[in-house]
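Asker: Below, the features straight out of TrEMBL:
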BINDING   142, 145, 167, 172  Zn(2+) binding site
COMPBIAS  457-468  compositional bias 'Basic residues'
DOMAIN    27-267  domain 'Deacetylase sirtuin-type'
REGION    433-468  region 'Disordered'
């Protein structure tokens, strides 16, 4: 996350009353309130969660209203916080992953988010059970057919403007737009309508890490009261809605939710991030038909012109070192042009060096090339492959597992395209028992060990470069 990002999206938080004091419930009070909340959730028939910036601060994303928030520091003339990770590599918090488990258990019916960080979707909350009121920095939408595209890179515009990409549906092809609202933009009915519906149905609306001052979003939780539902607020600062709440907990969201999950005897699942990329080989015979002129490109799965943010550089070598020269591609687009004899097959070795925020520092694998042979095309069930990669990553507690998910040939361009999936992060969350809770920091452990999968090598990041 860049400083410019925080500044241009500052409208997401109301600028009034900045620097509000933090309040922490004493340990014994916190424990009692957590037990009370757990009982309420256990009895709930329609739980809705309403989230704000406070659930993402432990992910390294600063808030705006807190004592160390963007607006507070700016008003006090203090330096803004250093960001340890790129925004696109932010990892879901313990709270994000606990909500995933609550949804899978059938307890959580709907999530309403004021955040634009995309972490609810990335954590695994189903899109149909999520309303992102202010948009998503990683989402593009087609204004013509309504298709949504969740990216691994931050979309370059805000304010519902056109981006540089088009809808991939061949029947449509309209220019895509970003989804992040600007000051004058009304909350979209696509998000507001289901949010209102679920709040009216809710017997509990659990507000996590939100100041509840941004209108009209802040009034949504109160709609539960009309049907006899209750509002619970978990926040470090007092909010204007505290008097309407049945329970107010002053504590860190991660601490509170960890205690609730313990009371409910539910495990917080690990987070496994799977990223996609594609290898494109384009080739054509020379005029004398003795050689093949070919181009290698390591590209984004979101399109050849899209950025590939998690790969820092690509090293290309060949098993037959006498005939081919090695290359290091350190600028995007990662592209290499070469010429080879028409009838000669060869084998490339690609080493992908990953950027900050990836558990695995590099991945090395072989790419056999034979331009005289036909290419087998296939499209595997991605959900099945992703599930196998996740299971293996969790079992082995390491990243680097990878698999080919699709291979196609574009005859008109004489291109062979192979799509890969790779596990780039595995994060285990340590759950603190409720009998030892205090309002301190809650840690998450990110694995950073070598992986194998179908690769030749996935090297271990040195401690000095690791991120947690």
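Numbers run from 1 along the shown chain.
Even glycines carry a Cβ here, placed using N, Cα and C.
TrEMBL: automatically predicted annotations, no manual curation.
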Asker: Relative to the mean position of the Cβ atoms of 142, 145, 167, 172, the recorded Zn(2+) site, which additional same-chain residues have Cβ within 8 Å?
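Answerer: In sequence order, the nearby non-listed residues are 143, 144, 146, 147, 166, 168, 169, 171, 173, 174, 176.
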Asker: What is the number of other Cβ atoms found within 10 Å of the Cβ of residue 167 (Zn(2+) binding site)?
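Answerer: Residue 167 (Zn(2+) binding site): 20 neighbouring Cβ atoms within 10 Å.
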Asker: Using a Cβ-Cβ cut-off under 8 angstroms and a sequence gap of six or more, which residues of the chain neighbour residue 172 (Zn(2+) binding site)?
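Answerer: Expected: 142, 144, 145, 147.
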Asker: Taking 10 A as the limit, how many CB atoms besides its own sit near the CB of residue 145 (Zn(2+) binding site)?
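Answerer: Result for residue 145 (Zn(2+) binding site): 12 other Cβ atoms within 10 Å.
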Asker: Compute the average pLDDT of the predicted model within the domain 'Deacetylase sirtuin-type' (27-267).
Answerer: 92
Asker: Within 10 Å of the Cβ of residue 142 (Zn(2+) binding site), how many other Cβ atoms can you find? Include all protein chains, please.
Answerer: 20
